[in-house]
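A.B. asks: Sharing a structure below in structure tokens format, with a few things to ask.
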Amino acid sequence: MGLTLLWLVPLLPLVGAILNGVLAGTLPRKMVSAIGVGSVGLSLAIAVACFGDLLALPPESRRVTQGLFTWIQSGDFHAEVRYALDPLGAVMMLVVTGVGFLIHVYSTGYMGHEKAYGRYFSYLNLFTFSMLTLVLADNFLLMFLGWEAVGLCSYLLIGFWYQRPAAAEAGKKAFVVNRIGDWGFLLGIFLIFVTFGSVDFATVFTQAPQRLAVGSAVATAIALLLFLGATGKSAQLPLYVWLPDAMEGPTPVSALIHAATMVTAGVYMVARCHIFYLLSPPALQVVAIVGILTALFAATIGLVQNDIKRVLAYSTISQLGYMFVGCGVGAFASGIFHLMTHAFFKALLFLGAGSVIHALSGEQDLWKMGGLKAHLPWTHATFLIATLAIAGVFPFAGFFSKDEILYQAWLRGGPLLWMAGVIGAFMTAFYMFRLYFLTFHGRSRVPQEAKHHLHESPNSMTGPLMILAVLSVIGGFVQVPILAGGQRLDQFLEPVFADAVDLAPAAHAASAAGAEVGLMVISLVVALMGIFVAYKFYVADPELPRRLAEQMRGAYRLVFNKYWVDEIYESFVVQPIYQGSVRLWERFDAAVIDGAVNGVGRQIERGAELLRLAQTGYVQVYALILTLGAVVLIGYLALR
Amino acid sequence: MGEAILFTLFSLSAVAFALGMVFRRNAVHCALHLVGVLLSLSGMFVLLHAQFIAAIQILVYAGAIMVLFLFVVMLLNVKGETPLLTPGSAKGFGFFFAFIAFVELLWIVVSQGGTEGEPAPVPALPPNFGSPAEIGKILYTTWLFPFEVTSILLMIAVVGAVVLAKRKFA
Amino acid sequence: MGSMGVPTEYYQLVAALLFTIGLIGVLVRRSALIIFMSIELMLNAVNLSFVAFSRQHGQMDGQIFVFFVMAVAAAEVAVGLAILVAIFRNRETASVDEVHLLKG
């Protein structure tokens with residue numbers, strides 16, 4: 001039953017979006033909530049049913065497609081609107097609908113006082129539809145449609161409070177930066193079509209190993225172009241700059257789009273197109289290197305940021321880097337595993353942060369928080385769980401997924417990559433607990449007037465927090481390492497990545513249970529060290545950070561100012577383009593093009609003034625001219 | 001032989017009436033001259049085995065259309081024109097172009113004739129050629145659609161004429 | 001009787017002559033009424049040509065054309081004379097050289 005309704009999974013949120021969008025402002029709030037939450041809830045129910053049906057199938061036939069209609073048919077080019085469900089898509093679909101549903105519920109509380117309530121839910125539903133289209137698409141073009149649509153929704157939701165110039169600017173920035181990545185993605189699709197004559201996943205992926213040799217230039221070009229798209233959408237170096245600014249949007253949006261789902265689209269896409277990366281070892285290496293550099297780079301910035309959401313944003317960038325490391329060493333299932341657990345605990349972190357911000361009437365500065373543990377018990381408890389999860393403490397979800405990536409990095413990427421990953425893990429533990437301690441512990445730095453309003457959030461907000469907390473605790477157990485038969489997610493995803501086995505990079509080190517346990521212990525120790533250092537800095541001796549910052553003034557300023565990347569982009573990319581555009585406008589558009597257009601118009605006017613004289617108003621002059629024409633024509637025909 | 005005599009007679013009268021129509025000052029006289037042309041042509045149609053056309057030439061043209069002309073002439077009460085022809089160089093050009101057109105038509109007629117200057121022979125025709133029955137047969141089969149379109153055209157013309165000639169249209 | 005008849009070319013010559021006379025009328029006369037009559041003359045010249053060719057080719061389609069030409073001519077006269085009446089009512093003239101307001 002479930003699988004035949006697959007098409008309803010993306011469609012229901014679209015219906016919700018249209019209803020809420022068209023009827024925005026006329027429906028009562030309760031109705032808007034019912035439509036917005038209900039459509040995604042129903043979609044989730046069908047998604048679970050589909051998942052159950054998929055599990056019932058034998059593993060090798062777990063790929064179901066459902067064509068809706070032919071979208072484009074032109075010559076050799078053919079694109080269908082067709083949804084496909086396979087294990088990879090199923091994982092993504094469950095994450096999107098599941099986390100999406102919780103965040104919709106949360107939004108009814110968080111955005112309760114918002115005027116444009118209908119518009120908000122319309123956008124949110126539209127996003128859910130787009131994201132589901134992206135992950136369930138059966139060809140590159142439909143995937144690109146979803147890809148662009150989630151970008152549009154991201155733009156709309158970042159700029160949701162468009163009255164604020166910062167929000168409008170941030171939305172614009174996200175849109176423009178993403179466009180660079182999309183350009184690469186689109187070129188990649190073109191190249192795929194030119195090479196294979198099709199954009200269907202099944203056709204392209206089965207033909208790729210036969211048509212393209214390992215290491216061939218075409219495979220590398222396709223892989224790198226697609227990865228450029230992924231760096232834009234998933235906020236990797238060098239296109240990560242839009243994500244921190246995207247925090248201008250409402251917090252549930254940050255949780256859904258800029259932490260749990262949309263930004264992971266790049267990881268999903270790389271995993272989906274893994275065959276191209278496996279055919280091109282250099283591209284695979286690029287993925288791993290960009291991933292690890294981003295992970296470290298963003299983590300260092302996260303160490304010193306003071307805005308609660310920006311810390312989380314940099315943490316997201318860093319975690320996405322880990323996912324790409326997993327993909328980059330050929331362990332795509334590990335990347336997807338981390339994607340899933342990250343969706344749980346990062347959504348929880350953002351929603352918890354939202355709860356804090358809600359309680360403080362919009363305050364986001366860490367230095368104006370502190371001691372909130374007593375006031376927000378549920379938020380505190382769930383936030384602590386999420387922080388432990390992202391720090392990688394046993395037995396929370398992040399421990400399993402991050403360690404699997406680190407283990408795979410050790411196994412196939414070498415000790416250096418592993419080492420860098422461990423350093424990143426240390427920083428993650430540190431900055432996350434810095435955030436936690438500054439928010440919930442220590443002396444309260446909340447201003448007096450805000451203190452009066454301090455309150456725990458309503459059930460509609462704490463409910464999703466608790467569910468996500470449970471998921472953050474148990475989410476890791478779908479993939480228990482070492483234990484025989486414990487790798488359920490691996491087994492589930494195995495049909496998708498089966499073709500990867502013989503192409504995957506050779507392991508640098510022998511896979512051994514002993515080594516794995518050893519590495520796990522090391523990373524656990526590192527995480528605990530990070531937590532301890534954070535405790536030392538921000539609880540035991542609050543003056544220590546300042547002294548350290550004084551001592552390492554240069555390094556501190558470098559990191560605090562985010563390596564001046566925004567400023568560098570501004571002066572080396574944005575300003576030249578802007579100035580050049582102004583020149584082009586003044587010198588070329590205004591002078592040459594407008595001149596040509598106006599000149600042609602003026603000449604025609606002048607010619608028309610001359611020609612006007614021919615219209616005398618005397619009928620017989622017209623008759624004469626008519627006769628002249630006839631005479632000439634007849635003469636030509638007679639004497640020919 | 002009889003046909004040749006009649007042809008000569010009709011053609012001479014047609015041309016003479018035509019010249020009279022174009023160069024007479026009085027509009028009523030012009031109209032009557034035109035009637036003469038139409039009658040002459042009707043005679044020639046009979047010579048050309050087009051009895052039905054000849055009949056409606058008299059009925060429609062000489063009967064209906066010319067009556068309409070005379071009616072308008074009297075309605076407008078046009079006096080004889082003081083300068084007969086248009087002033088200025090237009091009339092010179094008019095004569096000139098008309099002359100060239102005539103030369104060209106002549107050239108076409110002469111050059112399209114039978115070989116070595118001999119006129120093409122006139123074919124023998126079936127006795128009922130041009131009879132109303134035969135005309136009706138093809139008019140209501142092959143030419144049915146144009147025929148119906150023509151009826152619509154006439155209706156439009158009637159409506160148009162009524163609207164145009166109404167005393168005041170605001 | 002075959003070759004006894006008057007050759008088609010002669011009829012064509014008469015048609016050409018009548019057509020030219022009509023053309024002269026259209027081009028040189030001032031009165032709009034006479035111009036209309038000249039146009040009728042030109043149409044009749046063409047009709048003669050049609051009928052002559054009809055006989056030459058032994059097909060009655062030419063006569064059908066004449067039939068249609070007459071219908072069109074009737075329509076044209078009706079509308080044309082209506083316009084003429086309207087002009088005359090407004091301008092008190094039927095001379096085409098006095099009606100030339102529509103000019104560039």
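The backbone N, Cα and C atoms fix where each Cβ goes, glycine too.
Unlike curated entries, TrEMBL annotations are predicted automatically.
Residues or ranges marked as domain 'NADH-Ubiquinone oxidoreductase (complex I) chain 5 N-terminal' in TrEMBL: A:71-121. Residues annotated as domain 'NADH:quinone oxidoreductase/Mrp antiporter transmembrane' in TrEMBL: A:137-428. What TrEMBL records for A:34-57, A:88-108, A:120-137, A:144-163, A:183-205, A:212-232, A:252-271, A:283-305, A:343-361, A:381-401, A:465-484, A:517-538 (among others) is transmembrane segment.
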A.B. asks: With pairs restricted to those 6 or more apart in sequence, evaluate whether the transmembrane segment (A:144-163) and the transmembrane segment (A:252-271) have 3+ C-beta pairs under 8 Å.
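C.D. replies: By the criterion, they touch.
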A.B. asks: So which residues does the transmembrane segment (A:283-305) touch in its own chain, when a touch means Cβ under 8 Å and the partner is 6 or more beyond its ends?
C.D. replies: 219-220, 223-224, 227, 231, 235-237, 240, 270, 276-277, 311, 314-315, 317-330, 409, 413, 417, 420-421, 423-424, 427-428, 430-431, 434, 505, 549, 556, 559-560, 562-563
A.B. asks: Does the transmembrane segment (A:517-538) come close to the transmembrane segment (A:381-401), meaning at least 3 CB pairs under 8 Å for residues 6 or more apart?
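C.D. replies: Yes, the transmembrane segment (A:381-401) contacts the transmembrane segment (A:517-538).
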A.B. asks: Quick one: do the transmembrane segment (A:252-271) and the transmembrane segment (A:465-484) reach 3+ CB pairs under 8 Å, ignoring pairs fewer than 6 apart in sequence?
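C.D. replies: By the criterion, they do not touch.
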A.B. asks: Short question: most Cβ pairs under 8 Å with the transmembrane segment (A:212-232), which of A:88-108, A:183-205, A:343-361, A:465-484, A:517-538?
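C.D. replies: The stretch I would name here is A:183-205.
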A.B. asks: Should the transmembrane segment (A:343-361) and the transmembrane segment (A:183-205) be scored as in contact, given a threshold of at least 3 Cβ pairs under 8 Å and pairs 6 or more apart?
C.D. replies: no
A.B. asks: Give me the mean pLDDT over the domain 'NADH-Ubiquinone oxidoreductase (complex I) chain 5 N-terminal' (A:71-121), rounded to a whole number.
C.D. replies: 89
